[in-house]
Amino acid sequence: MRLDQRGDSAHSDVMTGQQDDFSHLDRAGRATANVARDPRLTVNVVVCASIALAWLLLAAMAIRGAEARISAPGDALLRNLPQLPLPDFLDHFFVLCLSPAPLDASIGPRALALILMWFLMAIAAMLPSAAPMIRTYCEIADTARIKRAPVVHPLVLVAGYLCAWLAASLQFAALTLAVHAVAASAGVFDPVLGVAGGLALLVAGLYQFSGLKEACLTKCRNPFSTLFSNWSAETFRIFRLGIVQGIWCLGCCWALMLVMFAVGVMNVFWMALIGVFTLIEKQTMGSLPTRLAGAILLVWAAVLLVVSL
């Protein structure tokens, strides 16, 4: 009984911060304990590292892609950048992603590579715009911990969010395979590719004016109500909540991702521009940025279709 009381007292001291220096651990142990004690720090480190790694891989892929393409916006600058030596498996991955080829026996490895490529682009361009949603969850979780309530780690929410984009990457990869097949059989200067790019821009432009776009954007701009009303201490429910938030984000941005089919799937400059725009769009109240982008895309689509037909 006395042992239990001493244990409860020690646990109470830790919870009240009287023994939070972890002085009996080595340096690595203290660092691990401090990270584990602050889930927001863990989330920030993991999210920032994921975004940085995604951009690093995309930049390396874009430099190699610029050498193979005829011409695309930003390729002149990319060709002047040094090609860093990379492991063989990364070079093979880049070849699978960048080389147009017919739908033959290598469809399996190529499809997996394209899914990973689109997923990297989603992490690089879309995860930064999800930062307010992740921060909001961390704030709610922090308040719950102060009240000694059980809390699901924020990374579970992030995992659910990314799963929604992983599912979308399957669809974008299938569309990319179709474009690659047409490019391999018809040639890069075939008008069919110009028409396909124009139609992609047309869909993206029209969607900017739709009610569904506005509804999804409203949810992304105000994540607190969704997160708070669906709060749970169950891991699966928070994972599912992350999927729901990812679907709202996908509803905002899927059409903008189609722009990549008009400018080059691995055009890192346009991917960065789309990422910056989605961040601005979600943080700016009103419909001016959305409508302005839609108008630009529609004019661009009209010009490309006229030139291609």
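In case you wondered, yes, glycine gets a Cβ from its N, Cα and C as well.
Annotations in TrEMBL come from automatic prediction, not curation.
Lifted from TrEMBL, the feature list:
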TRANSMEM  41-63  transmembrane segment
TRANSMEM  111-134  transmembrane segment
TRANSMEM  155-179  transmembrane segment
TRANSMEM  191-209  transmembrane segment
TRANSMEM  247-280  transmembrane segment
TRANSMEM  292-308  transmembrane segment
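Against the transmembrane segment (191-209), the recorded stretches 111-134, 155-179, 247-280, 292-308 differ in Cβ pairs under 8 Å, and the greatest number is found for 292-308. Outside the transmembrane segment (292-308), and at least 6 residues removed from its termini, the chain residues within Cβ reach (under 8 Å) are 191, 193-195, 197-199, 201-202, 204-209, 256, 259, 262, 277, 281.
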